[in-house]
There are 4 protein chains.
Amino acid sequence: MSAPKKVVLAYSGGLDTSIILKWLQVEYGCEVVTFTADLGQGEELDPARKKAELLGIKPENIYIEDVREEFVRDFVFPMFRANAVYEGLYLLGTSIARPLISKRLVEIAQETGADAIAHGATGKGNDQVRFELSAYALNPDIKVIAPWRLWSLTSRTTLIEWAERNQVPVPKDKRGEAPFSVDANLLHTSSEGKVLEDPAVDAPDYVYQRTVNPEDAPDAPEFIEVGFEKGDAVSINGEAMSPATILTALNEYGRKHGIGRLDLVEGRYVGMKSRGIYETPGGTILLAAHRGIEQITLDRGAAHLKDELMPRYAELIYNGYWFSPEREMLQAAIDLSQTHVEGTVRLKLYKGLASVVGRWSERSLYSEAHVTFEDDAGAYDQKDAAGFIKLNALRLKLLATRDRKLKG
Amino acid sequence: MSAPKKVVLAYSGGLDTSIILKWLQVEYGCEVVTFTADLGQGEELDPARKKAELLGIKPENIYIEDVREEFVRDFVFPMFRANAVYEGLYLLGTSIARPLISKRLVEIAQETGADAIAHGATGKGNDQVRFELSAYALNPDIKVIAPWRLWSLTSRTTLIEWAERNQVPVPKDKRGEAPFSVDANLLHTSSEGKVLEDPAVDAPDYVYQRTVNPEDAPDAPEFIEVGFEKGDAVSINGEAMSPATILTALNEYGRKHGIGRLDLVEGRYVGMKSRGIYETPGGTILLAAHRGIEQITLDRGAAHLKDELMPRYAELIYNGYWFSPEREMLQAAIDLSQTHVEGTVRLKLYKGLASVVGRWSERSLYSEAHVTFEDDAGAYDQKDAAGFIKLNALRLKLLATRDRKLKG
Amino acid sequence: MSAPKKVVLAYSGGLDTSIILKWLQVEYGCEVVTFTADLGQGEELDPARKKAELLGIKPENIYIEDVREEFVRDFVFPMFRANAVYEGLYLLGTSIARPLISKRLVEIAQETGADAIAHGATGKGNDQVRFELSAYALNPDIKVIAPWRLWSLTSRTTLIEWAERNQVPVPKDKRGEAPFSVDANLLHTSSEGKVLEDPAVDAPDYVYQRTVNPEDAPDAPEFIEVGFEKGDAVSINGEAMSPATILTALNEYGRKHGIGRLDLVEGRYVGMKSRGIYETPGGTILLAAHRGIEQITLDRGAAHLKDELMPRYAELIYNGYWFSPEREMLQAAIDLSQTHVEGTVRLKLYKGLASVVGRWSERSLYSEAHVTFEDDAGAYDQKDAAGFIKLNALRLKLLATRDRKLKG
Amino acid sequence: MSAPKKVVLAYSGGLDTSIILKWLQVEYGCEVVTFTADLGQGEELDPARKKAELLGIKPENIYIEDVREEFVRDFVFPMFRANAVYEGLYLLGTSIARPLISKRLVEIAQETGADAIAHGATGKGNDQVRFELSAYALNPDIKVIAPWRLWSLTSRTTLIEWAERNQVPVPKDKRGEAPFSVDANLLHTSSEGKVLEDPAVDAPDYVYQRTVNPEDAPDAPEFIEVGFEKGDAVSINGEAMSPATILTALNEYGRKHGIGRLDLVEGRYVGMKSRGIYETPGGTILLAAHRGIEQITLDRGAAHLKDELMPRYAELIYNGYWFSPEREMLQAAIDLSQTHVEGTVRLKLYKGLASVVGRWSERSLYSEAHVTFEDDAGAYDQKDAAGFIKLNALRLKLLATRDRKLKG
């Protein structure tokens, strides 16, 4: 790869990406464009602008954007239509944010005439894969620079030394090593590494940043109603809200009631297992609610097909294949299934649990006339069941007849 | 179908199956054999013997058996190896008990020279299908009698009248209609019908029989350690136990902490949707624990394949195909994956939540050396990731190149 | 079911459906509307009109329609986009025609105010299921009358006697039993029953009606080029044609070269196995050609997902679930994948074989630059493969390390 | 990676692997052990010994083995139980041989105290992946040397020059470039590269080495009977044979009748598409025969599950994951299904086509009693079909009722 001339960097404003910014300048003598996105990670973005300026980035090369609505509308919600969970439990909070960042990096590269993008993900994790597969899928000629795979600054000490040698301001509290590593956005906060590396040992309380401990949550349950249209949440307690607003509100409910904590050991795409602590307060409520509304509005055939496709779909997102034909094919199937997923779900929130306790819809497929223990006025003829069973049993009977013949 | 000469009846000792017992005698003039199983439903079986005798069943025709160990060892545990849930949530507590009952009915028919079996499931539900598919798969020539699909006693009034006319003792408290219908075994209790028929309305508190309300559960969490071998739970807090003993103990933990309640609308195999309230206290803990031990002992490739096969496997059990070649094929794949699923999981139980907080194993695949943020001593070469991503991206780049060419 | 007042009958003009026509009139005293479709079965439709009139059907109640274009465009082609084969071999020629017939029956019922439809399929086959599931999916209140499941005319003799007693003209050559049963449309001809019932015995030559014996096919191969757009065939040898015209032309190529014969024992949805002889001359060429064009225009990820979904998709069509949410979901995924399936395939046709020998496309993903054994000018860096393999191997190495530890 | 001390080389005796042999000696100064396997590629192995000796390999370091029986019994046959085809067409002839070679390389390394293995696959293909994944799965500490990814001998000229400079004998006919590249074993011969690189252009006749051109095959068909036990072929025309003997015999039948030619563009695991010409004469017959015997002996539920699992299984083999938990899980499921796959299939071989024309078995599930058009003596009650359809239609009716309500 020839040296890049102009690089768009995914820039958080933190120390690590500031060092990367400087390293790109030093290493390649190239122009750097910074992209800082408000994905709902809960940090001020203004400092990022100031730091970028301090490091010599031209004002027109500093991109700071609030992408929360796009994030929820075009990435989180489509994923929740699928009830996607990775390895049975993980709600994919980090995975789903990466393609959006890559998309903007590539677009900004196009706008600014940059020939490369750069990110601060390490060579051990999934995020490098997600960033880069997305970038290449959107621009096959883009160069991707992943300094963590290139430089020799592999210990905290050498990194800080390099920063100081190169006039990158190092805040005092960043000199030492963080006790664990954090990623956050509107959907979740994940923590991993260091104090969490032994999967036998309980995660310390201070790791959790986004939810109260269930023990500290209110002693009385709270009930909310989430409204859906075409499979997406559109209101809480009857109040219509935008996608990001709804997720923000659900996060607050979840935070308060200690909902959405997960301690997981998962299989990374790059091959090893890792342990993460995830907090997905609003997403956990949303998943329960979405399954609740599907229960009455989604046909069994569609629902079962969705359930069978889901693990593959979740794996694709986890592995970084958001912008792939196969993810888009699955999305087309899933989205079609959501046409009538509309109505309201009532949930009980209490000390870590989000439980569906009621659901109703103009489009419900639930038929009290068919299911009732009472007289059904002919809606269902119980005698039909005999034929149904007989024909479904036929092949099993033929098998049993063969077995009997072979034994006898 | 010609009239049966001797029928083995799945007999609970309750009013409904007592009426069926008498009806078989009256309708066919046939000999009746009763089979009453202790599946852990929590009822005394002695009264069943007395009632059967009262209704004229010969002592040698009364089979009363404790099948709890067989139930857990040969049905529940194999199913939990798969992490099976139906429609994302239901732990299949009723579904998994039916094949065992059918198996014993067919075996007793063989032993007693009976030509038919009978059950008390209605023509609207899944249980008739499960009973009968299992029976036919085990004996292709068996006759199956399902009185609820045959007789005209479709209202409570006509049923009680018929009972009284035919000398079936009717306890006073059984004259009216129960407010809902219940099925129970060691794995779960399910409730449905009547007061539960409107899925928009919260289930009344009195429906729950197996677990305390989370609000009434202890205010302090409890921690337990569940040991596993070959994918099956074998100990709690270091104490080895038999399968049924373990599930009984987990049920008690779950009951106390309000764990395992589920309010679900599900798609029945016979076509309509129904609403059920399920309580699966021990099973809910077991599922969490099993996923916990798999996280460190099961390879990613195996785990993902299992996750993809699971919905199909669960559907087969729900639909009654336990004794089918395809369920057995899936079981063979699943069981092979469990060879090394051994170790201990630590869980926190608190007000409805069972959360894995730690797991360890001699057979762990988790490699701190590979995942660490610290120096990994060469266990992993971050530069390998570049090639990994490049080749995985190649097809996406070729796609993007085509798209670019087409756009001009 | 109350007696129907007006019935739309799927009417071929043959003896069997003529008897059904009369039987409906006699049995229910109802008005009958006939629907006769030209699906490309290769029979004149005019006689059907005359026979219907003879049996007293009012002219305005006689519907005769050429639906060949609709059949190929809206049913056959969407199915071929999926490369659908049932049980590895069967091209679903009968299955795919049934939903179209049901759709028109239901529409004509709506137009004519009929409350029922009727078909001539027996109670042992798949076609009854396909007709009726489609009809109910399109009109939940329609009555469906399947005389073969209702009447007692179960032997040929009683049937002919009833016909003569009721003034249904019986051609002399229809008095005896046909040596086998035939279904035909533009996609295929299927033959089954009677002389074909022993699956050990070769099908007699006279069963084949649609293709020459490969031994009698030309001794020189013929080469054709099939053009595709969005996954559908659009031209042969450069000449653009409509869907039905293309299939007709491919049928003629296939017929001439003895292509598309299949002797199959298959598992019916109703439970037993049956043996059929299928001739699908044009469809067999089309399937080969479609796979040929996909080879260069479809991404590997999309192609493999399609291959995994295909058996389920084929099963749905075979079982009669064309008009189901899950078939439509799969179709949405499949159709999306076909956006760029465009180009030309060159095939060799010779004595039963249709072999792809070349393919090219403006939208090809095949990159000679990448694959070449020659110098690739840096398109591909072989060293990337080392990292690719290393990371893919990592989990296998961790497994092997565990195995080694356990053994040692 | 530190330099290897002793390397086991997969050695064909050809020029390329002779150069690699020498290069290992020159580059690392290491001891080389050669492993030459008779996989049925149709070449004498004695010359390989002589060449190895000429290049200074000690006699005890020359391993020459006939592994044909192991190859067919433990690799080819298990794969054929699955009816495995990659991308719908490719019988995986190269893919399935690699794990066996790797297994022996690793075993010989263990026996001889070697710390590395080496192979002659390039960095662009699938074979490097297959060799190396297998090796790492069997010995996590083995070093793997792939000279084509390491050296700079990337043109034919530089390679020949290096050989001559280093005293590797270069036969005159090997000086120029071969017009295409060939891999062969008992299952197939594959050809690719050079004259085959344009997928639009017909493969020249001289590429085919293993089968006669169908046009040159006998003008009369030949019929054979293949016997099966537990899913594996065990006899031809009643004569019992060992696995390798059977495949050899089927190859001869296939060769003579021009069966098993395939011109394919496939998606490689490393990301690009490539075009290959495959000849799999015996395997093509075997696949047809195996599907034929499954048709009567395999239950529909088992068969459909197999069909759904197959693409994944084939992909795993193609991608090199033979020794992976997920392939072994799928194999366990597949093998269980084959318990009763026993009987005889009659095939017609004619000018490129292998067609099943009859099949019979003591374990057949085909029931003429059930399927017959004649009186079935009560084996099947057609009225059962009404209930079967009604209940299967119920959810579709509920959907249609909703649609109607929404529209009206």
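A Cβ is built for glycine as well, from the same backbone N, Cα and C atoms used for every other residue.
Worth saying up front: this structure is predicted, and the values here are computed from it rather than measured.
When Cβ atoms from all protein chains are considered, those within 10 Å of C:Ala10 (ATP binding site) total 21, not counting its own. Among the features that TrEMBL reports, ATP binding site is placed at C:Ala10, C:Tyr11, C:Ser12, C:Gly13, C:Gly14, C:Leu15, C:Asp16, C:Thr17, C:Ser18, C:Ala37, C:Gly120.
DSSP assigns C:Glu266 (L-citrulline binding site) to a strand in the three-state reduction. Among the features that TrEMBL reports, L-citrulline binding site is placed at C:Tyr90, C:Ser95, C:Asn126, C:Arg130, C:Ser181, C:Ser190, C:Glu266, C:Tyr278.
Within 10 Å of the Cβ of C:Asn126 (L-citrulline binding site) there are 19 other Cβ atoms, across all protein chains. Annotation source TrEMBL lists L-aspartate binding site at C:Thr122, C:Asn126, C:Asp127.
If you look up TrEMBL, you'll see C:6-169 marked as domain 'Arginosuccinate synthase-like N-terminal'.
Annotation source TrEMBL lists domain 'Arginosuccinate synthase C-terminal' at C:180-398.
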Quiz item: Counting other Cβ atoms within 10 Å of each Cβ, which of the binding-site residues C:Asp16, C:Asp127, C:Glu266 scores lowest?
Solution: C:Asp16
Quiz item: At the Cα level, what's the spacing in Å between C:Ser18 (ATP binding site) and C:Thr122 (L-aspartate binding site), rounded?
Solution: 15
Exercise. Write down the Cα-Cα distance for C:Asp127 (L-aspartate binding site) and C:Ser190 (L-citrulline binding site), rounded and given in Å.
Key: 13
Quiz item: Ranked by the number of other Cβ atoms within 10 Å of their own Cβ, which of the binding-site residues C:Ser18, C:Ser95, C:Thr122, C:Ser181, C:Ser190 ranks first?
Solution: C:Ser95
Exercise. Specify the count of other C-beta atoms within 10 Å of the C-beta of C:Tyr90 (L-citrulline binding site).
Key: 21
Exercise. Please give the greatest C-alpha separation between any two of the ATP-binding residues C:Ala10, C:Tyr11, C:Ser12, C:Gly13, C:Gly14, C:Leu15, C:Asp16, C:Thr17, C:Ser18, C:Ala37, C:Gly120, in angstrom, as a whole number.
Key: 16
Exercise. Reduce the DSSP letter at C:Ala10 (ATP binding site) to three states and note it down.
Key: strand
Quiz item: Sequence gap of 6 or more, C-beta under 8 Å: which same-chain residues meet both conditions with respect to C:Ser12 (ATP binding site)?
Solution: C:Thr36, C:Glu43, C:Ala48, C:Gly120
Practice problem: From the binding-site residues C:Asp16, C:Gly120, C:Ser181, C:Ser190, keep only those with a C-beta under 8 angstroms from any C-beta in chain D, and list them in sequence order. | Solution: C:Ser181
Self-check item: L-citrulline binding residues C:Tyr90, C:Ser95, C:Asn126, C:Arg130, C:Ser181, C:Ser190, C:Glu266, C:Tyr278: largest Cα-Cα distance, in Å and rounded to whole number
Solution: 19
Quiz prompt | Whole-number Å value for how far C:Asp16 (ATP binding site) lies from C:Ser181 (L-citrulline binding site) (Cα to Cα) | solution = 12
Practice problem: Return one of helix, strand or coil for C:Asp16 (ATP binding site), based on DSSP. | Solution: helix
